[in-house]
Structure formats: C-alpha cells, structure tokens
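Peer 1: Below you'll find the structure I mean.
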C-alpha cells in the first residue's frame, strides 16, 4: 500500500516568543498545551501561514473578537512577529519518501498599516540530518545566533550539493508544487480554491459547524465536473466562437465589400483624376504645339493679307476714281434717255392730240349739220304744236257753246266758228285784214308763190352760206396751220409764209429721210468706238495685272505663251488634285482606322488587364489563345486532383472528429445504447469504474478485459435476465459482469502478465491472449491522451484541409476567371496592340498632314498662277478680236461727223414730225390764203333772215290753206245759231276735242322730246367745241414744250439712248460691283487682318500661358509621378482604357466616386480628413496621398496570418476565397459541435448518479462516528424537483422545445435557461442573464441539495445545526464534516497527481477544552482510522496518553520574552483492535 505523506515538523524563526523553535509533529495527534498566552495560537498561526501564505485570507481572530465586524488592523499576524526576518517552515515527507521543506519568509513592513511581507519558498533534496533551524540561523556565539535573510539562505542552499531551493512569486505556483508533492490534498488553481481551503482550515481551527462550509457543501464535497463542464464550455465557446467567427466573417464580408467598394471607388476617384490630368497634360502639350504652329501660320497669313490689302487698296482707289466719271456719264445718259422718252411721249401726245383735233373737227362739222336739222324739225314741231293748241282752243270754244254741239247744226256752227277762227288767224298771219273766204284761194296762190320764193331764196342763201362757211373754214384752217407752224403773223402774210413753209418742209422731209441710215451708221460707229474704248480699257487692265506694258503686236505671241502655260498648269493642277485626293483618301482611311482602333483599344486594354491578372495569378505567360485553353485544361486537372485530395483529407478529418466525439462521451462509452442499458439494468459501465485508471495502466486493463471492456457491471445478474428477453436495441455483443460497482476489482479473472500482453484464463478450457494496445482507450487518461493526439492530428488535417480548400477555391476562382476571360476577352486579347498601331498611324497622319500642307501651298501657288494665266488668256481673248479697232485712230472723228449729220437729220425729222401733218393739210388749201372771206357774217345774217321769212311764208300759206279748206264751213253760219243746243253736235265736239287734245299732247311730247334732243345736240356741239378748243390749246402747249426740250424724238432715239445708258450702267455696275467687291474684300481683309492680329495676340498669349502652364504642371506632375512610383500604385492608377474617355466623363466618374467615398469614409476621421484635403483641384498629389492612405489603411487591416500579401486588391481576392472556405467550414463545424438536449440530460444524470454513489461511500466512513449524544453523522443528497423536471423534459419532451435549441441566436446555455424559465415561471431569476443561468444549469452540483444530518439520541436523524447540538457535539460533527471534505478532495484530485502519492492529511482544533474525554478519544480514533494528523490546542485537560504533547509556558527573562516548550510522546497501551478501515496500528507510547 502507498504510505500517506506526513508533516514531520513545524519550525518558527523569530516569532513572538519563539526565536528558533521546531515542533516535531506526531503522525496522528499533536497537542499544544499551555495557559493563556502561552503561544498555542501563535504556533498554529505559523503553521497556517506556511500552509496558506495569502494575506487576503489570513485573519487570526482572538476569542475576544467574537461578534466584532472587523478584527485588529494587522489581522493577528503582524503582532505575532518580531522585528527582522521571520520564518515559518513545514518539514514534510511524502509517499515517495521525499523530504520537502516548505515555508515562508515574513518581515514586518514599517508603517502604521502594520503590513507584513511574505515570500514563499521550498527546499527539496535536503538530507535528513539537517534540521530546519540550522538552515535559517547562523550561530554567532554560544548564546548568540543570527537569522539569515532569504538571499543568504538561497546562497547557502545552493552551496549544498543535491539541494534545490525555489522561491515563488505567486501563491498559485507555491500551492501547485505542494499539490504535486503531496503536501496538500487539492490543487488550488485560483483565489476561490484558496479561499475554500482557508475556510476549511479556519473551520477546523475554531471548531464547530461552520456555516460557511455547510451552506456550500456542494462546492466542498461535490467535485466540479471539469470534464463535462469543460466539454460544455468548450462546446459553447466553440459554438460561440464559431458564431462569432461567422458573424465576424459576415462583418468581414461586409468589410470586404466595404474594402472592395472603398478600393474601387478610391481607384475610380484617383485614377479618373490621374488619367484626366495625364490626358490634360498631353492635351496641353498638343495645344502648346498647335498654338505654336498656328502662331507661325497666322504670322504668315497676316503678312500675306497685308500684301493683299495693299494691292486691293490701290485697285480700289483706281475704281473710285473711275466711278465718278462713269456716274457722270451714266447720269447724262439717263438724263438724255429721260429727255428722249419725254420728247417721245410729247410727240406721241402731239400726234394723239392732232388726231383728236382732226376727229373733233369732223365731228364738229357733222354736229353742226345735225343741230341745223334739229332746229328745223324743232320749228316744225313748234308750228304743229301751235296749230294743235289752236285747234284745241277752238274746239274748246266751240264746245263751250253746248247748244251748238247738240246737233249737226251745232257741228256746223263749230265748223263755222273754226273756219272763222282760221280766217282770223290767216288775216293776222298774212296781215290781210280784208281777207275773206272767197279771196282766200287767190291769196293762197300768192302766198304759196311767196313761200316758194322765200324757200328758193333761203336755199340759195344756204348754199352761199355753205360755200362761204367752207371758204371761211379753209382759210381759218390754213391760217391756223401757218400760225401753228410759223407762229403768230398777220392774215395778209399768211400766203407768203405758207409757201415758204411748204418749200422748207420739202427740204426737211428730205433730211428726215436720212435719219435712219445715219442713225444706223452712227450706231455702228459708236459700237465700234465703244469696243475700241473697251479694248483699250481691257488692254490697260491686262497690262496692269500683268505688271508690264505690251504692244499690240506682242499680244498674239503672249496669248500663245499663256495658253501653253495654262495647259501646263492645268495638268499640274489636275495631277495635284488627284494627288491631294489620294492623300486625303489615305488620311480619311487613317482617321477611320484610328477611330476604329480607338474604339477597340479600351476592349483590348481590358482584355490585357484581365490577361495580366491571370498571368499574375497563375505565374504563367500566355502568347496565344491556345496557351490559355491548354492551361485551362491543366487547371481543370489540377482542380480535380486538389478536390480529390481535399475530399480524402476531409474524410479523414471527419473520421477523426467522429472518433473524438466518440471518445469524448462521458464514462468512456462508445455506444450511447450502453448508457441506456446500464441505466435500465441499474448497473454501471465498466469503463466508468476504471475511468480514473492512469495512462500507464490503461494498456494493461484494456488487454485484461479485452472485448468486455465495454461491459456493464450489475449487482446481481439474476435480476437482469428478465430485461434481456426481447432486447434488440443493443450492440451485437453485450457483456454483463456481476459485482459491486462501488468496490469492484479485477479479481474476476485469472491472469498472467506477459511482455506487453496478458493471458486471461476465462475458464479451464478457454484462455484469451491479448496484447497491450498501442493506443489504449481504456480510462479517462488514455482517452484524453488519445483525444489530444487526435486533436493534434485534427489540427494538422484541418490546416491541410484549409490549405487544400483554399487551393481548390483559388483554383476554381482562377478557372472562373479563365472562363470569363475566354468568354469576354479571348477574341481580342492576342490581337496586335492597337495603341502601338495608333501611334504609327498618328505619325503617318502627321506626315500626311505635313505633306498635305506643303501640297496645298504648292497647289495654291500653281492655282494662283493658273488663275492669273487664265485671266490673262480671257482678257486677251477679249482683246485680240479688237486689235483692228485698237489700230483705227480715225474712228472717233468719223463718229463725230456722223453724229453732227445725224443731229441735223434728226432736227429735220423732228420738224417734219412736228409740222408734217400741218404742212400736209396746208398744202391742198394753201390757195385759200390768197383772199380773206370777211362777208361771212353778213351772209350768215341774211341766211337767218331768209330762214325766218321762209318760215313766216310757210305759216301764212298754211293758215290760208286752212281757210281754203274750211271755205265750205263759212256757209254754216246759220247752223251755228240754230243748233247751239243740239246734243249730237256736243258729242262730236267733245270727240273732236279729245282728238285735238291727244294730237296736242303728241305734238307737245314730240316738241319736248325734240327740244331735249336739240338740247343734247347743242350740248354735244358745245362739248365738242370745248374739247376742240382745249385740245387745241394743249397741242400748242405740247408743241412749245417739245421745242423747249430740244431733243429730236425719232423712232430709234430712245433705243440708242437706252443702249447707251445701259452700257454706261453696266460699266458703272461693274465698276461698283468691283469696287464693292474690293471694299468688301478690303473690309474682309482688314477684318481678317484685325482678326489675325487679335488671333495672333491671343495665340501668343495662349501659347505663352499654355507653355507656362505646361512648365508649371510639369513640376507638379513630376511630383505626382514620383509619389506614384515611390508607393507602387502606378499600375492601379494608370488605367490606359480611361485615356479614351473625355474630360467630362472622367470628371463625372471622379465626382461620383467622391460622393460614394464621402459616405464610405464618414466613420474614419483620418481618411475623411485626407479625402477632404484631396478635393483641392489645384493639388492633384493630395489625391495620390489619399489613395496611398486608403491602401495603407487596408494594408493595416490585412490579417497577415491568414493572407500573406501587402496588396489590398490581392488581399480582397484571397479574403473572398478564405471567407468562403471559412463560412463553409464553420457552418459544418457548428452542426458537428451542436449537442442534443437528451445527451445533456444523460450526462448530468450520470454525473449525479456517480456523485450520489460517492457520497454514500463517504457516509459509510462516518457511520461509527459519535460525539456525546450524536450517534452517527451522514450527508443527505437529493435532486431538486424543478431541476429533475428540467432533466425529464430534456430527455423525453425535448421535441416540444426545439425552437429554443435550434435557434442560431441562442447558445445552448441560453436555450437551457429559457427552457428552465418556461418550465418554472414562478421562480424569479433576478438580474442574472440567461447565459449565467444556463451555465449554472450545466453544472450538475446545482441540481443537488445537500445537508448534514446527525442521529442524536431519541430525536433520530435531524439536520445538523449548531443550535440543536452542544458545543462538543457541534465541534465533533464539524470535524467529521471536514474530514469528509478532505477525503472528497483527495478522491477528486487523485487523477490529477501521480498514483504513487497519497497526500498529507492535517486538521487543527484550537480551544479543545470544550470537548470531553470521550469526544477527544473519538477524534483520536478518527485520526488513526483515516491516517490524519491533528493539531490540538488545549489548556490542561488533554491527557498526554496518545500522540505527542507540547507544554508551552511563556516566560520573561531579562526583559526578553520567550516560550518554554516541553514535549512528551504518548504512553497509552495499544488497543486490542483497530477501528474499521484503519491502515496502521496506533503508535506506541514512549
């Protein structure tokens, strides 16, 4: 058996009353006896201080401090020490017989706080002969010694061979060594563990039932199921970490998206501005060169325009001088034409008026005759009307006598009266008062003859009148014609003047007949003269344009020379046109090709970027599309190989995970069904019984039990038989072993151990040979070792799987990139570089432009020469036909001569035209001018008198005729008297009156009508006379005006005047047109010169500004380029495809990216400030700084342990691959890590069952413990009802609450807490979080209720409380509980330390005088049975029969206080028999 470690001695150095004292400790009970103040408590305080050197826990209370809320300021330690270095050392020997001295160096710290400095240390390998006091003291003399400080102690021990000295800086390391060497029973990992240990020591020191321990019995007695708890914590931590990692991945993905967005927008923002500045710099350079070329061209154009301006100004001056003369000539010609037109119009008017006068003369004569006839008819009508009136009057007078009209008599009477009236009227008219009816006939003949005579006379006079009137009219006409031709003259001169005019008319008519031939001749000569003048002008212009005077004889030769030159220049111009057309076609083709290439360039550049990225990613160079497709095939093959290897590694990793999961099952069960069967059979798995077997013993026990290592140990096999019937849900081979699970051993088999193997004799005729497994899995230590190796393997496999997954995803992404490249860019990626071709074409275009410019200049000169030669030929073509005119010098004289003759002829023609009609009219009647018919008025009066006489004679004859006709009526004189009342006569008279009145009415109407007609005839006659007189006056005026005009108006005069005017107008128009052209050209030339001057100034200004801008921008651009190259971002910023975008597009792109960046960096102060600074358009380098800052910002956030690159873009690509792999792996891991609620319930139940069994074993050791009336002590362990219900729900009804356990938002602990709250809504959880509650529910100790019960007297079993027990009973019961705790700790910690070490057991009891002798004897027996050491402090009542007793007496000698110690070993005889379960016999008294 393994010997238990023991405390050999306690050494106090420089304590109050103890300078150098060593107390040898008994193997069982050491008693410190002495009076008050003897040093018992100091001694035990030194022991406790060396055991637990934690100033936060140490507090040595005096009994006088009972009820005090706080002790002394030094907590009882400072006052127990003396000044200087103090030591408290424990000399121990462990189960391995190793001597270990542990202790502390104490030293008071000066100050009012009364602090103590403690330094723990340990000494190993010290020989048994060396006493602790010899180590720490140095003898100065026989009665003097010195305490060594810690450093000297260290030096002293290091000088001793084989001795190890360790000084500890932490209490945890100190206690860890003590636990490993078997000095303390439990590993004290934390301050909480130290506190529990101290409370245990303190409870034993002061005795009684400690409320601090009884309230926390679960923490003291029930070991923390660290494996299960750690598994749950690891699972939750792994799940939490998994979910946090997934969340971090999602955040990282969003960060990645943000990074991609940031780098994309930053690249767009800066690259667009970078390329815009690059484009602008190139554009500015091109503009500067263009400005320089335009400046040179403009200067040349300005000089040419100045020369042109001088020539045009000179020509304009000449045309301005000629224009005045032409305007005067034209105005004269226009005036002459107007005069001719006026004269012609006057002549036309004169002729028209003369014709009108002739017509009016004829009409006037006709109208005179009509008027004369109308007058005669008027007179007849008047006579007839008068007769009708007379008859009416007569009838009315006759009718007045009504009686006469009554019968015939009345009629006759009326006739008679009428006859009388007619007779009276005839008397009156004929002036014959003696006229009678009888003499009427005679007188009628007389008067008829008289009428006839008067008529004849009137006709004679009328004839004479007519003849006189004709003669008078002819004379007046002839006289008026002479007056009209010659002007006013005497009537007697008319004849001579008329004859002279007729002779002159003949001469003028002869001259007038020559007008037309002369005019034609003059027109011909004038035309020749004008042609001669035109030829002279053309010759002068030609000479001026040619800049040389030519003779007429030289013109033909010059014409031939110019035609030859035209032919030559025409060929040159034609060839030049063809050449220019060829050059322009080539230029257009180049331009079209350049445009096509510029459209293709961005696509090609994008393809090249993609190809370069692929080349960088795969490290290969591709020269053709075939290389790409071949590499893609290789990539596919590599991807398949990587996938196969990844799947193999993944399968192996899954197998390792499954094995880890299987080995991690509680109790070592690899099959969950075994746990259920063990619970059903009421047994325990064999693996659980051997769960604490060491790693060294695991191969042996694994081989010992062989296939039955997974057996179920049951108390009674006979009770299991009934359960085996119909059992199907079990492994193929189920082993059952009968035995007590609490005291099971390996004696069931007969076994022989061989080298790395065993032979198990199962029966007489059946042996089993089993070799030790290379990887044992029997026992928790073996499983944990295997799990550790599996975890290591899993880490390697996980790393390899991650690497392969990364490679696969990288390969897949590379394959996708290749596929995208093949689909999008393969067709153009391997074509020729369009930019290089564009550069070649641009250089060729420049050459073509230069050739075109030179060609245009040459062609312009040739064209100018051609135009000049052509103009010269044209001028000569117009001049050469007129060479004879140019040689005719007498043409102008002949024109003047003919013009004079024509003037005379025209004058004659005008005279003939003016007076020709008058002369023609005068010629036949000129003879009437010889005599003047002045008696015409007398004849006219005689004619009128003759007409009146003829009219009177006619009336007289008519009246006499009426008398003669009524001559019979004169015989009715008697009837007039007789038939005055006759009615018939009256009626006849009335009828006759009516007829007479009707006749009178007709006569009146005829008279009125004829009078109106006569009036009209007279009006027409007056109108004709008035028109004739008016036109006569107008004709005279027109003739005078025509004479005043002084122009001969013949038929061709107007045409000649118009032709002359039109020719002059054409010349003037041509001159003006040319002058206007010259003025416009001059104005245009001046404007062009002004424009050229302004353009020249502007070009000079723009050129110098542009050159300055280029020079200025060059420095900034150099700085930008230097910054770009220094930071290695040129590849990112110099995006050549952007060079083909316009500045507005690039600015828009940059502005859009700027807006996105403002939002993206809103939370980053540094980037926000750098971005704000980069917005200055005058500082482009700040944008580069911003881009570098973004890159630096992203580089700082690259996980170098995951992504090994400094390029954020590549990091983002790798991040996408890694995040995708991690997401997939963590999702799979989360599914594997998740644990079912039934498994949790089974684990907790198994743990509770195991701990209940262990508590029962502890209770067995306390059955015979008695103190006073207390006959026995036990621990009662029960499962709480609420927690039992939780376990039932977890194992049986978990499907109803899967909403909690399947939630990704809740951890398993939180889901468990939610379920607990759901099942127990009445319980107030307080302020604790679900996570805290869930972690408590995962600890099986919280499911149990523990309390201490004592069997006291007649009360039976009751709860152990201080108030129900006496002091001694309470002390004894508390000591029993403490012993159970220590034993529980040892059991819990057995697997943590070496199997060959049994730890020391030691408790304290201060003021043991409260126990009686029997209780003290019980303590002695308990210590002996449990191999426990006990230190008791009592005044005097402890008899030194057993153990070792020290008598302490405090003395004062020469002002020096010390404690006198006397030791006595026990002398009681040996007991006849030992207590049950004791390992050794009690020591003999000495």
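Including glycine, each Cβ sits where the backbone N, Cα and C put it.
Model, not experiment: these values are computed from the prediction.
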Peer 1: Using Swiss-Prot as the reference, determine which range in 222-258, 259-295, 444-480, 629-665 is annotated coiled coil.
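Peer 2: That would be 444-480, per the coiled coil entry in Swiss-Prot.
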Peer 1: Of the residue ranges 745-802, 1151-1208, 1209-1266, which one carries the coiled coil annotation in Swiss-Prot?
Peer 2: 1209-1266
Peer 1: Based on DSSP, tally up the residues of the region 'Flexible hinge' (666-783) by helix, strand and coil.
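Peer 2: Breakdown, helix to coil: 41 helix, 26 strand, 51 coil.
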Peer 1: Go through 326-418, 835-923, 977-1115 and flag the stretch with the largest number of C-beta pairs under 8 Å relative to the coiled coil (509-603).
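Peer 2: Per the Cβ under 8 Å count, 835-923.
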Peer 1: How many other Cβ atoms sit within 10 Å of the Cβ of residue 37 (ATP binding site)?
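Peer 2: A count of 14.
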Peer 1: Within 8 Å of the Cβ centroid of the ATP site residues 34, 35, 36, 37, 38, 39, 40, 41, which other residues of the same chain have their Cβ?
Peer 2: 42, 1433, 1448, 1450
Peer 1: If you count other CB atoms within 10 A of each CB, which of 36, 41 wins among these binding-site residues?
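Peer 2: Going through 36, 41 one by one, the largest Cβ count within 10 Å is at 41.
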Peer 1: Over the coiled coil (444-480), what does the predicted model average in pLDDT?
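Peer 2: Summarising the coiled coil (444-480) by its mean pLDDT gives 74.
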Peer 1: Have a look around residue 35 (ATP binding site) and count the other CB atoms within 10 A of its CB, chains all included.
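Peer 2: The answer is 13.
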Peer 1: Provide the number of Cβ atoms within 10 Å of the Cβ of residue 38 (ATP binding site), excluding the reference atom itself.
Peer 2: 23
Peer 1: DSSP on residue 40 (ATP binding site), three-state: which is it?
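Peer 2: In three-state terms, residue 40 (ATP binding site) counts as helix.
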Peer 1: When neighbour density is defined as the number of other C-beta atoms within 10 angstroms of a residue's C-beta, which of the binding-site residues 34, 39 has the lowest density?
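Peer 2: It is 34 that, of the binding-site residues 34, 39, has the fewest other Cβ atoms within 10 Å.
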Peer 1: What number of additional C-beta atoms lies within 10 angstroms of the C-beta atom of residue 40 (ATP binding site)?
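Peer 2: Cβ-Cβ neighbours of residue 40 (ATP binding site) within 10 Å number 25.
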